[in-house]
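Asks: The following block contains the structure, expressed as structure tokens.
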Amino acid sequence: MSRYLLAIDQGTTSSRAIVFDDKGAQVAVAQQEFHQYFPKDGWVEHDAMEIWDSTLAVCRAALNNGKIKASDLAGIGITNQRETTVIWDRATGQPIHHAIVWQDRRTASWCTKLRQDGHESLVVDRTGLLIDPYFSATKIAWILDNVDGARQRAEAGELAFGTIDTWLLWNLTGGKHHRTDATNASRTALFNIHTQQWDPQLLKLFRVPAALLPEVFDSAAEYGLTEPECLGASVMIAGIAGDQHAALIGQACFEPGMAKSTYGTGCFLMLNTGQQALRSENRLLTTVAYRLNGKPCYAIEGSIFVAGAAMQWLRDGLRLISHARESAEHAATVGVNNPVYLVPAFTGLGAPHWDPNARGAILGLTRDTGIAEIVTAGLQSVCYQTKDLVRAIRNDGARLESLRVDGGMAVNDWVMQFLSDILNVPVDRPSVTETTALGAAYLAGLQTGVFDSLEQITSLWECEHQFRPDMAPGLRESLYAGWLDAVERVCNH
């Protein structure tokens with residue numbers, strides 16, 4: 001029996017493919033960037049055909065790099081940028097418009113009107129999401145209303161909608177299968193996370209014809225066989241999950257109270273709440289963590305707009321550092337008791353503040369303040385914002401006992417220690433940092449028998465380093481109080 005798994009990791013700026021073995025070890029990788037389109041202010045688009053072409057290219061390259069044949073694969077897992085919306089012609093397979101990306105804000109005014117008309121409570125109750133351009137529903141309606149004849153063709157069943165996973169599945173299987181998984185469906189604002197069905201009332205609210213929608217499967221399932229000409233053999237696509245959900249799986253956060261936080265340009269914190277779909281009273285999102293054997297596991301999620309991007313700004317905008325690794329050296333000279341606060345609200349503040357009008361600020365400056373203090377404040381801002389999320393999660397009644405971290409900033413020991421100190425929980429950094437792709441491989445492996453159980457996957461997770469809290473409670477409280485004061489000033493500017 002073959003023990004290799006191919007993970008497709010289709011992201012916002014690049015498509016990647018990674019081959020893993022049956023121990024979760026990386027065997028080969030390939031990556032290719034693709035174009036971003038910004039036709040108007042606040043609009044972000046992708047060419048869906050370019051996404052497909054780049055994905056196929058990296059799959060072939062990864063197999064070639066690892067000297068592995070497609071016939072050596074037990075299965076394929078797909079993980080993807082969430083919410084991004086593609087609509088295509090079922091007969092020709094051609095998109096009728098560029099894909100509208102999750103970052104796109106073109107439907108903001110309609111979302112505002114829907115909220116003002118009192119519809120948000122329905123959306124929160126059924127989907128766990130807020131009414132926001134971020135999610136797929138209003139993007140779908142925009143395409144139907146702005147491409148000639150699209151709405152009529154959609155109602156006649158001639159068109160198909162999909163998030164990126166569905167689009168890739170359609171192409172990999174030669175147009176035979178129009179399917180998605182429960183995690184991606186849960187990000188559309190059209191899927192009832194309690195009934196695990198597309199919701200007729202939400203379809204009516206957002207004016208989306210049911211004929212457009214894919215069939216919803218478990219996250220580990222037989223989605224369909226690839227066409228032989230794609231990779232050289234027919235391979236079962238056996239797992240699908242949105243990127244943050246796949247990272248939760250890759251981090252083996254399978255028990256309620258387990259959480260992972262991914263530190264890239266921004267930050268996504270997701271906490272497993274088990275069989276309970278916990279409704280947030282603090283404007284966090286409730287989502288499907290994954291669905292296995294027909295049983296959904298739920299999570300609560302908070303997002304920070306600026307994490308690693310704060311260090312990019314200090315490097316490229318202010319030129320205070322020439323490389324991100326210098327930041328830890330500066331922080332070591334300043335220490336944790338830094339009176340300077342950097343609130344990186346460059347595009348407003350995300351969860352739990354949700355203030356689009358907030359703008360960035362550096363507070364606490366004195367004549368003694370130098371580059372080191374400002375750089376350290378940038379690092380600390382990531383940890384303070386994470387504490388904002390954790391506090392909101394706890395206020396919603398969820399437990400958070402430890403935090404597993406991944407992403408670019410997770411390699412910074414100083415930041416991870418300060419994160420543990422300010423949260424007052426252990427912070428665990430895994431040996432394998434490619435957690436998103438690994439999660440997709442795990443799902444495919446569960447379905448194809450490479451992995452027997454979640455317990456086996458849990459046994460494969462290894463901690464490279466655990467950071468434990470080592471800060472006096474009084475200092476922790478005073479530092480965080482200073483942060484809250486800084487945020488209040490920014491929000492009330």
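Here the Cβ of each residue, glycine as well, is placed from N, Cα and C on the backbone.
Take a look at what Swiss-Prot says about it:
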BINDING   T12, T13, S14, T265, G308, Q312, G408  ATP binding site
BINDING   T12, R16, T265, G308, G408, N412  ADP binding site
BINDING   T12, R82, E83, Y134, D243  sn-glycerol 3-phosphate binding site
BINDING   R82, E83, Y134, D243, Q244  glycerol binding site
Asks: Cα-Cα, whole number of Å: R82 (sn-glycerol 3-phosphate binding site) versus Q244 (glycerol binding site)?
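Replies: Pair distance, Cα basis, whole Å: 8 Å.
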Asks: Any same-chain residues 6+ apart from G308 (ATP binding site) with CB under 8 Å of its CB? Would you list them in sequence order, or say none?
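Replies: Same-chain residues close to G308 (ATP binding site) (Cβ under 8 Å, separated by 6 or more) are Y263, G264, T265, G266, A324, V382, G407, G408, M409.
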Asks: Please name which of the binding-site residues listed here, S14, E83, Q312, is nearest in space to Q244 (glycerol binding site), Cα against Cα.
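Replies: Comparing Cα positions, the candidate nearest Q244 (glycerol binding site) turns out to be E83.
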Asks: If you measure from the Cα of Y134 (sn-glycerol 3-phosphate binding site), which of the binding-site residues T12, R16, Q312, N412 is the nearest?
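Replies: So, spelling it out, the nearest of the binding-site residues is T12.
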Asks: Just give me the nearest neighbour of E83 (sn-glycerol 3-phosphate binding site) among the binding-site residues T12, T13, N412, Cα to Cα.
Replies: T12
Asks: For a quick check of packing: other C-beta atoms within 10 Å of the C-beta of N412 (ADP binding site), how many?
Replies: 21
Asks: Taking only the binding-site residues T13, S14, D243, Q312, which one has a CA atom nearest to the CA atom of N412 (ADP binding site)?
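Replies: For N412 (ADP binding site), the closest Cα among T13, S14, D243, Q312 is found at Q312.
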Asks: List the same-chain residues at least 6 positions away in sequence whose Cβ sits under 8 Å from the Cβ of S14 (ATP binding site), in sequence order, or say none.
Replies: Q31, Q32, E33, F34, S54
Asks: Output the one of T12, T13, Q244, Q312 that, of all these binding-site residues, has the highest number of other Cβ atoms within 10 Å of its Cβ.
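Replies: Within the set of binding-site residues, the most crowded position is Q244.
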Asks: If the glycerol site is taken as the center of the Cβ atoms of R82, E83, Y134, D243, Q244, which further residues of that chain fall within 8 Å of it by their Cβ?
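Replies: Nearby residues not in the site list: Q81, W102, R187, G242.
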Asks: Helix, strand or coil: which one is R16 (ADP binding site) in, per DSSP?
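Replies: R16 (ADP binding site) sits in a strand per DSSP.
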Asks: Between any two of T12, T13, S14, T265, G308, Q312, G408, the residues recorded as binding ATP, what is the biggest Cα to Cα distance in Å?
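Replies: So the maximum pairwise Cα distance among the ATP binders is 19 Å.
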Asks: Around R82 (sn-glycerol 3-phosphate binding site), how many other C-beta atoms are within 10 angstroms of its C-beta?
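Replies: Other Cβ atoms within 10 Å of R82 (sn-glycerol 3-phosphate binding site): 25.
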